[in-house]
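Chemist: If you scroll down you'll find the structure; I have some questions about it.
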Amino acid sequence: MITAWFSLVVLCWVLFFVLEGFDFGVGMLGPVLGRDDHERGAAVRTIGPFWDGNEVWLVAAVGVTFAAFPAWYAALLSGLYLPMAALLLLLAARGVALEFRGKGDGARWRRRCDTALALSSAGIVALWGAVLGVLTHGLALGADGEVTGRGPARSLAPLATWPALAGAVLALFAAVLLGATFLALRTTGPVHARARRASVRLGAGGTLALGAAGMLGLSRPVLAAAVLCLGVTLVARHGRELVAFGATAVGVAGAVVAVFTVHGDVVLRSTLDPAWSLTMTGAAATAPALRLLSVAGAVVLPGVLVYQAFSYWVFRRRVASERVPS
Amino acid sequence: MDVLDLTRLQFAVVTIYHYFFVPMSISLAATAAGLQVAWLRTGRERYRDLTRFVGKLLIVTFAVGVVTGLVQEFQFGMGWSAFARFYGDVFGPTLAIEGMLAFFLEATFLALWYFGWDRLPRALHAATIVIVAVGTVLSAFIILAANSFMQNPVAYSLDPVTGRARLDDFGALLFNEVNLAAFPHTLAGAAMAGGSLLLGIGVWRQRHGGEPAHRTLARLGAWLTVAGGALTALTGDHLGKVITEVQPMKMAAAEALYATTTGAPFSLFAVGSPGGGEPSFSIEIPRLLSILAAGSPGAEVQGIDDLQAQYAAQYGPGSYIPMIPVAFWSFRLMIGIGMLAAALAAFYLWSTRKGRPGHPLLPRVLPLVPILPAAANSFGWIFTETARQPWLAFGISRVADGISPGLTRAEVAASLIGFAVVYGILAAVWLRLIRHLSRQPLAPRAAPVEAAQPPAPVY
C-alpha cells in the first residue's frame with residue numbers, strides 16, 4: 001500500500017509539472033509571441049479556463065505528500081524554507097496577474113499583468129526545476145530527519161549546486177517547449193504560426209544541446225531526451241500539433257518520474273550519512289490513515305479526472321486573436 | 001521577538017489575511033448561484049446582470065483566496081515541521097481530502113462557469129455555479145473539522161511506538177461536536193461578509209448614478225447581512241456553550257473571570273488590566289455569562305485560577321493561561337462589530353422600505369460597512385486561536401513543541417516581510433479591481449460583431 005501511495009504522490013507531481021508546465025510556458029511565451037494586445041490576449045485565453053484546475057494538482061501533490069508521507073513533507077518544506085517561501089510569493093503574483101488581467105481597464109494594465117505573468121512563470125519554473133534537481137542530489141538530513149544547520153544559508157545552499165542549476169535550466173526549457181507546442185495546438189492566425197516555428201526551433205536547439213551533453217557525459221536519460229526533442233521537432237514541422245504536444249508532455253512526465261525514483265525506495269537522500277536517508281516506509285503515515293486515503297482517493301479521483309477532461313472538451317475550440325474582446 | 005513568536009506572528013498574519021477573502025468567496029458563490037437560478041426560473045434580465053456582476057466579484061476574490069490558501073498548505077511543513085510530523089496522520093488526510101473533494105470542484109467548475117456562458121446549455125451552466133457554491137461549503141466543513149480537532153481532539157490515539165497521533169475514525173473527526181457548532185457559525189459570518197460587500201457596492205453606486213438593479217443588489221446584500229447577523233448570534237451562543245464544556249479556560253479568558261462564580265455577570269467594558277487581577281471598573285450585565293456559558297442564570301462558571309490549578313495537576317507544572325487581554329477584547333470586538341454591521345443593514349432595510357430613498361446619511365456610511373464583518377470574523381479567529389494557548393492541539397501538544405527545529409529569526413523575518421509586502425500589494429490591487437468592476441454598467445454592452453471565423457478544427 002505504501003508503494004501504491006508513493007506512486008500516487010508521483011502521479012500528482014507529474015500531472016502538476018505537465019499541466020502547469022504548459023501554462024507556465026504559455027505565460028512566458030505570451031509576451032514574446034503575441035505582438036499586440038489582441039494576440040497576447042489570445043495567448044492568455046488559451047490557458048484561462050485551465051490554469052486554476054491545473055494548479056489544483058499542486059495542492060493535491062502537496063496535500064497527498066503531507067497525508068501519506070508526513071515526514072517527507074516536513075523535511076522537504078522546512079529544509080527548503082526560503083525557496084519555498086519565494087515559490088509561494090511568485091505563485092501568488094502569478095495567480096492574480098492571470099485572473100486580474102481581463103478585469104482591469106486599458107492596454108497598459110494588461111501589459112503590466114502580462115509582464116508580471118511572464119516573470120513570475122519563469123521564476124516558478126526555475127525554482128521548481130531547482131527543487132527537482134535537489135531531489136536527485138539529496139539534502140543534509142540529520143538523524144532526526146530534519147535538515148541540519150541553521151540560518152538562511154541552510155535552506156539556500158542546496159540551490160547553489162550543479163544539480164539544482166541543471167534542474168532550473170532544463171525545467172525552463174521544458175516549460176517553454178510545452179508552452180510553444182500547446183499554443184500551436186490551441187490558436188489560429190499569427191500566434192499559431194509563430195508558436196509552430198518556435199516549437200520547431202526549440203526542439204531542434206534542444207536536440208543539439210541535449211545530444212552534445214549526453215555524448216559528453218554519456219548519460220542515457222539525456223540522450224533519450226535528445227531523441228525525444230528530435231521527434232518533437234519532426235512532428236511539429238509536419239503540423240502534427242497534438243502529437244508534438246503529447247510527445248513533449250510524455251517527455252516531461254518521464255523526467256519527473258525519473259527524478260522521484262532515482263534512489264529506489266529512498267524518497268529523500270541524506271548527503272551526510274546514507275543511514276539517515278528518508279525511505280518510503282520510514283516517511284509513511286500509519287496504515288489506518290493510508291486506508292482512509294485509499295477509500296477517498298478511489299471515490300474522488302476518477303470523478304476529478306472525468307470533470308477535468310470535460311472542461312478540456314468544452315473549451316476544445318481554438319482561440320483566434322480576433323475573437324478576444326478588447 | 002524570538003523565532004517562536006515570529007513564526008506564530010507569521011502564521012497569524014497569513015491566516016487572517018487569507019480569511020478576509022474566504023468568507024466573501026463562500027457567500028458570493030452562493031449568491032451568484034441563487035441569482036442565476038432565479039434568472040433561469042423568472043427570466044428577468046436584472047437577475048442575469050447581477051449574476052454576472054457577482055460572479056466577477058467572486059472570481060477576483062476567489063483568486064486571492066486561492067493564492068493565499070496555498071501558503072496555508074505549505075506553512076505547516078515550512079514553519080511547523082515537528083507539528084506536521086506529530087499530527088500528519090490526522091491533519092494530512094483531512095487536508096488532502098479537502099483538496100481532492102472540494103477544492104478541485106471549486107477551481108474547475110468556476111472556470112467552466114466563467115468561460116462557459118456561451119458554450120454550455122443554460123441549465124448546465126447554472127449547475128456549474130451551484131457546484132462551485134457546494135464546493136466552497138464543503139471546503140469550509142472539512143477545514144473546520146481540522147481546526148476543531150485542535151480545539152477538541154477526538155477520534156485519535158497516540159501511537160506507542162512513534163509517539164505520533166494516529167487517526168482512528170474519520171467520520172468522528174468530521175462530526176466533532178465543536179465542528180458541528182463552529183461550521184454554522186462560520187457560514188453565518190460568511191453570509192455577513194459577502195452580504196455587506198454587496199450592500200456597500202449597491203449603495204455606493206446608487207449614490208453615483210447607478211442603475212435600478214443596484215438597489216436590488218443593495219437590498220439583497222442588506223438581507224444577507226441581517227440574516228447572517230441573526231444566525232451568527234444564535235450559532236455563536238450554541239458554540240459558546242460547547243466551548244465552555246470542552247475548553248473551559250477559553251471562556252473564562254473571554255470574560256477575564258478569575259474566580260469560579262455562580263450566577264456570573266458579563267462585562268461589556270472594563271477599565272484596569274484584565275490579566276493582572278480583577279478590573280478596577282467594569283460595566284456588567286448580571287448573570288449573563290452564566291446564561292451564555294451554560295444556559296442558566298444561576299449556573300457555575302469555572303474561573304481562571306481554578307482551571308490553572310486543575311491543568312497544572314493534570315499536565316504538569318507550567319502556565320496554562322492564555323493572553324487574557326487579547327481574549328477579553330477580541331471576544332467583545334467580535335460580537336460588538338458584528339452586531340453593528342447587522343444593525344446598520346437592518347436600519348438601511350427599514351429606511352428604504354417600499355421604495356423610499358432612505359436616510360441621507362446612509363450613502364456616506366454604508367460603503368464602509370464591508371470592513372465590519374471582515375473585522376468581526378478576524379477577531380473571532382484571533383479569539384479562537386489565541387485563547388487556546390499554550391496548546392496546539394488542546395491537551396496533547398504545545399505550540400512551542402511544534403516549530404521546525406532548524407528555523408532562525410532571519411529566515412522567518414525574511415519570509416514574513418515578503419508575505420507582508422506581496423499581500424499588501426494584493427490587497428491594493430483587489431480593492432482597485434472591485435472598484436473598477438463596480439463602476440462598469442451592469443447590463444452587457446451589445447455584443448461586437450465577430451470577425452469571420454475559420455471552421456473550428458477538431459482534434
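Using N, Cα and C of the backbone, Cβ positions are placed for all residues, glycine too.
Any TrEMBL annotation is an automated prediction that lacks curation.
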Chemist: For the annotation transmembrane segment in TrEMBL, which listed range does it cover: B:182-204, B:251-273?
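Modeler: It is B:182-204 that TrEMBL annotates as transmembrane segment.
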Chemist: Report, as numbers and ranges, which residues of the same chain sit near the transmembrane segment (B:182-204): CB under 8 Å and 6 or more residues beyond its ends.
Modeler: 22-28, 30-31, 54, 57, 137, 140-141, 144, 147-148, 151, 210, 214-225, 227-229, 231-232, 234-236, 238-239, 338, 341-342, 345, 348, 362-363, 366-370, 372-374, 376-377, 380, 434, 438
Chemist: Taking residues 6+ outside the transmembrane segment (B:412-431), which of them lie with a CB under 8 Å of any CB in it?
Modeler: 3, 6-7, 9-10, 13-14, 17, 21, 60-61, 64, 67-68, 71, 78-79
Chemist: Do at least three CB pairs under 8 A connect the transmembrane segment (B:20-41) and the transmembrane segment (B:361-383), leaving out pairs fewer than 6 apart in sequence?
Modeler: yes
Chemist: Is it true that the transmembrane segment (B:20-41) and the transmembrane segment (B:127-150) have 3 or more CB pairs under 8 Å, sequence gap of 6 or more?
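Modeler: Since 3 or more Cβ pairs under 8 Å link them, the transmembrane segment (B:20-41) and the transmembrane segment (B:127-150) do come into contact.
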Chemist: Where else in the chain does the transmembrane segment (B:127-150) make close Cβ contacts, counting only residues six or more beyond its ends and a cut-off under 8 Å?
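Modeler: Counting only partners 6 or more residues beyond its ends, the transmembrane segment (B:127-150) has Cβ contacts under 8 Å with 22, 25-26, 29-30, 32-33, 36-37, 51, 55, 58, 90-91, 94-95, 97-98, 101-103, 105-106, 109-110, 112-113, 116, 120, 156, 173-174, 176, 178-179, 182-183, 186-187, 190, 384, 388, 391-394.
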